[in-house]
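Record features (Swiss-Prot):
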type	residues	note
BINDING	143, 146, 156, 158	Zn(2+) binding site
BINDING	331	ATP binding site
DOMAIN	577-679	domain 'tRNA-binding'
REGION	537-564	region 'Disordered'
MOTIF	12-22	motif ''HIGH' region'
MOTIF	328-332	motif ''KMSKS' region'
């Protein structure tokens, strides 16, 4: 029976490029989806960019552009990289969409109606230099449980989770400053009220790998579940919570809802009903994720889905991390390789195959050993699989395929009989097992060609029928391998289809040989991977890292150069020129609108004692008058008074910015006194 499957990979964060570590997941998912489609199942591969949060806001601010510009540019780059590796999504969206906003409202209302949301004041880390509350990812410190230094803001490598305020010696990664603790109102989901449901789902649904279920039962479900902090105060880039103005949904609330929102976009474009994919017992929901985001997808997410009436995950496929040469990916070693850089040097099919040889259904880290990579790809793909076609391809273009399938010693039928076992391995996520089984078939097929010696038959006119038979067997065995490898190597499957004049579209094509047809001109199927190409790739990665480090050293906060371009530095002046300008600290005693002026506010500034100045400042679009009263500002106190039709202006308030709403009055630290000169 045809199955219907909704498949997702974790949404890549729109704050940086795709690298080979990310690709473990997207290739794993793509392989599984392609297998399901090859088997005739109806399968949607849904993804989107994860676009909200403080990181996006901070980066956009530093680059002098809007968050929208940043996430749109990043989305284009992500999709370009994915396409380069043959990763085919049925739909790729963005969490910053109206569909996602609507669904967030809907699910939020469900949580409210279920009495799962509470509000309370919490202490939160605040960066006094960056002037923002710090998300977990922007804090590092010593784990309060095991004492390991330089750990993330919300969890340690030891498996312990905590609040950022519990960290020992916390440091802001935005500015390097020591954060201070400030109180803010936050909204929480009371997960403990869902404890019984989550415990039952984790233990008995079959959705989780055994090691994952045991981890959750031992680390989380054995105790009372902590409330989930679901909101963040302004400033924050995201969706404002409709019934809590000034507060925004935490990125981990709206990000997984993006799975549903992207499906909604696909449904709208294809005339389908979202309920058939997210509220139907006839549809399976499969999530592929990394082990670092396990508890978001296995506790918070099922709780949200259950409460809002959406389908629960049928399976959460969790994978480990990528190491290179037995170590963590390293920029200094050149092993932190961007997808774009890899594509400049190496055939992406090589990485697709290598990852497939390493992936299993278990939560295990993968190791990309450079020497092993070269050996495995060249030996398996070029030396075995492609070798079958390349040794007879040119001859077959002349002879065509035999009218009936020749005697091959049972090779084709034996390979056909392995189809179910290979399919079962794919289905279970045991890609490494599937690759081993396929290579065993390649090992059995190659001796047939070696013993037949078609290159010698080609020299003898009387042996052309024999040559045609050998070509027929060899190309059909090659085609079987291409079908079995099609989920992993779609480009090779396409070339096989082009050669034999029949595209590979179904797993069942592995069960019946092709006969009595012509063969197209043989084209080179795959090149060997060269060690020097890998070395060049890693050298380029080192250079990229060095350039980024150099840029960070001269501009550690990633400040944009656009303001300087808009208003270049003025000509040099002497200290005597500067001393002519009398800058003074002043306090705003009163502020009011000027009805006749669109841009001006009328300010009365106190310089201490009875000394005051009346100033007209072009800051109306940026400031409410009442919010200025009492502030300390810096004014030019010796500017010649200027008579205006609204009154006399006796100075100037200093401010930065291009104008309009983007005007920022210069302040001064507390302790300074009105009347003091600014030197």
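Every residue number used here counts from 1 along the chain in the order it is shown.
Cβ from N, Cα, C; glycine included.
Here the features listed in Swiss-Prot are placed on the structure.
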{"residue": "143", "record": "Zn(2+) binding site", "Cβ neighbours (10 Å)": "20"}
{"residue": "146", "record": "Zn(2+) binding site", "Cβ neighbours (10 Å)": "12"}
{"residue": "156", "record": "Zn(2+) binding site", "Cβ neighbours (10 Å)": "19"}
{"residue": "158", "record": "Zn(2+) binding site", "Cβ neighbours (10 Å)": "11"}
{"residue": "331", "record": "ATP binding site", "Cβ neighbours (10 Å)": "15"}
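Per-class residue totals from DSSP over the motif ''KMSKS' region' (328-332), listed helix then strand then coil: 0 helix, 1 strand, 4 coil. In the domain 'tRNA-binding' (577-679), the DSSP tally of helix, strand and coil residues is 7 helix, 48 strand, 48 coil.
If you look at the motif ''KMSKS' region' (328-332), the same-chain residues 6 or more away from its ends with a CB under 8 A from one of its CBs are 19-21, 321-322, 541-542, 545, 548-549. For the motif ''HIGH' region' (12-22), residue counts in helix, strand and coil come to 3 helix, 2 strand, 6 coil, using DSSP. The two recorded residues, residue 156 (Zn(2+) binding site) and residue 331 (ATP binding site), show a Cα separation of 22 Å. Note: the Cα of residue 158 (Zn(2+) binding site) and the Cα of residue 331 (ATP binding site) are spaced 24 Å from each other. Annotated pair residue 143 (Zn(2+) binding site) and the residue listed as 'ATP binding site', C-alpha to C-alpha distance, rounded: 25 Å.
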